[in-house]
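These come from TrEMBL:
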type	residues	note
DOMAIN	115-189	domain 'Cation-transporting P-type ATPase N-terminal'
TRANSMEM	172-190	transmembrane segment
TRANSMEM	202-220	transmembrane segment
TRANSMEM	354-375	transmembrane segment
TRANSMEM	395-425	transmembrane segment
TRANSMEM	882-903	transmembrane segment
TRANSMEM	923-940	transmembrane segment
TRANSMEM	961-980	transmembrane segment
TRANSMEM	992-1011	transmembrane segment
Amino acid sequence: MESLLSDKWEVKSKHSSEELLQRWRTLCGVVKNPKRRFRFTANLSKRYEAAAMRKTNQEKLRIAVLVSKAALHFIQGVQPSDYTVPKNVQKAGFQICADELGSIVEGHDVNKLKFHGGVSGIADKIGTSINNGLPTDDEALNRRQELYGINKFTEAEAKGFLVFVWEALQDMTLMILGVCAFVSLIVGIATEGWPKGAHDGLGIVASILLVVFVTAGSDYRQSLQFKDLDKEKKKISIQVTRNGYRQKMSIYELLPGDIVHLSIGDQVPADGLFLSGFSVLIDESSLTGESEPVMVGAENPFLLSGTKVQDGSCKMLVTTVGMRTQWGKLMATLSEGGDDETPLQVKLNGVATIIGKIGLFFAVVTFAVLVQKMIGQKWREGTTLSWSGDDALHLLEYFAIAVTIVVVAVPEGLPLAVTLSLAFAMKKMMNDKALVRHLAACETMGSATTICSDKTGTLTTNHMTVVKSCICMNVKELSKPGDASALRSEIPDSVVKILLQSIFNNTGGEVVVNKDGKCEILGTPTDTAILEFGLSLGGNFQEERQASKLVKVEPFNSTKKRMGVVLELPEGRLLAHTKGASEIVLAACEKVVNSSGEIVPLDEPSINHLTATIDQFASEALRTLCLAYMELESGFSENDAIPASGYTCLAIIGIKDPVRPGVKESVALCRSAGVTVRMVTGDNINTAKAIARECGILTDDGIAIEGPVFREKSMKELLELIPKIQVMARSSPLDKHTLVKHLRTTFNEVVAVTGDGTNDAPALHEADIGLAMGIAGTEVAKESADIIILDDNFSTIVTVAKWGRSVYVNIQKFVQFQLTVNIVALVVNFTSACMTGSAPLTAVQLLWVNMIMDTLGALALATEPPNDELMKRTPVGRKGNFISAVMWRNILGQSLYQFLVIWFLQAYGKTFFRLHGSSDSDLVLNTLIFNSFVFCQLFNEVNSREMEKVNVLEGILDNSVFVGVLGTTVFFQIIIVEYLGTFANTTPLTFVQWFFSLFIGFLGMPIAVYLKGIPVE
């Protein structure tokens, strides 16, 4: 089957081009219901609209920047036009309206900004404090919200149940059957009277309605699951100062006047103005498509919603929110663009199209054969020219059978089963702390052959504490509560002073007082650990901050692996402080503080002592950081770069970050599942090796390598080296990207990559599955990722892999089940029509069978929960055939058995059950065939739970949906056969006949066991 699918039915698991997505749509020739088939695919027209909007934004901003530059030249000579405050704004207690605020930031209007008194003037006019933010008075906040709006974009209204009913009715074959039912009613009532003549027509109508309502119910349930997941995806928090307190808030609660704290990797949550900060680089590509980052500061204070902080940190005053921003308008359009369809969805659309064409051919031939038989009989009887109402009803019945063959033959449920299975898995994965952002990732994760994992926070707990230090050349343990105060008494006061100055100023964290009046440390776990160490040495964060002036900040960067600040002291001296990777900072040092607190040159014995200390800390699985400082000349300005060398080594500290419980077991589980786990970290190689051994990642035959060494290798060396790499330490984001690219392209691996920082975005983008950390991850990393690991735990990644495999296998089970029904229903009706001139399965019966195999079958098989056996198989990888040889063995074996049973009943059924001479023998036989056929499908549904294992009943009671679907199907089958005969063309069966039907169905199970014993390649 897959060999029949050309490359045109192939899409990538992510970043497929619009041309690729459009191509397969045009190939879908036989589509019963486009509304349903293409519901969970990308809306390309909305995407084109969003792209056009981006282009417009780019042009608007380019013009705005040019105008603002020109305005700067003439600003003194130009009098801005008077601005009149609207009365409703004045009445609410403000001095500027939302439109005026929006035009200042969006238009980069320096002239208007100056007219309103600059950033501080704007803050006064919207009634906020630059230091304390908005007061938390509910009435005032509501008033502000009414006037300036909320920070949410308009979303399309959720579809109600009746919309799904209407969409289910758009099925072309059901519409044709509806017309057939209508004609059947008119002709039937005209020839046979009411109510007898209406039975056939009403039977078809009832079947259509049942199919429509069950389909709509299933689709509606799916839409609710996706709606819940969409809500989770949009949960973004940001640091805000309100009422003088720093707090975490949802971006959707922001109002103009809020003071927002932004740092590297954050998304700007609303339009606003820069208040204070350092080295702020903004990436505006998401809004404008412009790849060149923009420098933001006092001269260019305009920050636009939806852009990303690429470097630096700052405080921002929110001015415009929600749909008043360009980002809000863009998101409203983008949200309707939908998710890219997954490779399996497209592949199964191809399978559905091919089978649909075959089904259409068989339907036309079946109709032609039935009509030819009827005309041949009339020819023999000499009544070719006289046509009665009964003849018209027969013709209509033949047409309805042909249409129903198309209904059954076109497996419209195949691509939709993918969505159903993915929706179910995504909902369950959410409970397991994994948020799927892109549908395809859930599917691809099951094929993953390699996981490149970060160390900090993923394999370790991310709860860091300083447990060792080397200050004044002396190594000290700091694991007990009183150790830090004892250390303080041993260090000279001059060293303590400079150390605390370094700790509290050269940091991305903060010590703030929360609403309860308690001290709270904000920042990364590393910053938090060092600040905690500073406090335990008796330091005071606020005092240290106020004792000097920050001249320049260079935030931590994973390429440089260090951060630095320049301070101006009260007496006018300038000091540069740096901290970062121990060996890198130590290499930048020329002096060291000795045991007496004196600054001495860094000689070889001192370097050897400090290097041995770093190696000792690292071998104990501690993260090591080096703190250093230097005095600068008075001519330093904030535009100058902080010096790269010439420092005095102040301290080396060892930070403990314990391995997470369960990681070792998860790594072992991955290994047994054929998935290689590699650790890629920016940490010291000895620390990385110690943690990797503890986790079971680094084995005796594996290699640990440093990023700088990896970079220098030739292509030939890399080909030999990469398969053996288990640990990469001191890696830069580019090293990570290079490793992932080679694994994917050169070695054809399916790669999952974890990342948390802004610089991880390229590797997350390059990988088949990008996994961002929910707690430690930046918004930039999360946006580049396909799945967000909400608890930052490696064990959750293994759970995701298990769910991915489960989705893949569940869809295979459903495809196996549905293709069996397709083949049997097609062959039975076609051969019957050719041999006997009638079809044993009527339109109503085929509609019921279609519902069993389509909606109910998908519900039962596509929602099987994962089991531990899944992780004992090797991964499918990139080139695995979806419809495997094992599946074809099961499909063809079961189809042959079912066909033989139905052929036996058609040929010898009347003799076997002694029906000769009975007036309704044909009706009883056809009911028996229909009943046996349905029970064959039910038992085959149970068989399909396992494609290779003999025990198909294991864990069946754990899946309530499966049991519910089986129970419901049996219940309705009894009702249809015993009580709805007049509508469904059935008649009540005897106990023996029921037992026979059940036995025929059950016999499929030992046959399945026999088939599973046949070896296939």
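Positions of Cβ are set from backbone N, Cα and C atoms, glycine also.
Note that the coordinates shown come from a computational prediction; the quantities given were computed from them, not determined experimentally.
Between the transmembrane segment (395-425) and the transmembrane segment (961-980), the number of CB pairs under 8 angstroms, six or more residues apart, is fewer than three, so the stretches are not in contact.
Using the rule of three or more Cβ pairs under 8 Å, pairs at least 6 apart in sequence, the transmembrane segment (992-1011) is not in contact with the transmembrane segment (202-220).
Remote same-chain residues near the transmembrane segment (882-903) are listed as 1-2, 344, 347, 351, 812, 815-816, 819-820, 823-824, 827-828, 831, 840, 929, 932-933, 936, 940, 943-944, 947-948, 1000, 1003-1004, 1007-1008, 1011-1012, 1014, 1016-1017 (criterion: CB distance under 8 Å, separation of at least six residues from the stretch ends). In terms of DSSP helix, strand and coil, the domain 'Cation-transporting P-type ATPase N-terminal' (115-189) has 47 helix, 3 strand, 25 coil. Mean per-residue pLDDT, taken over the domain 'Cation-transporting P-type ATPase N-terminal' (115-189), amounts to 83.
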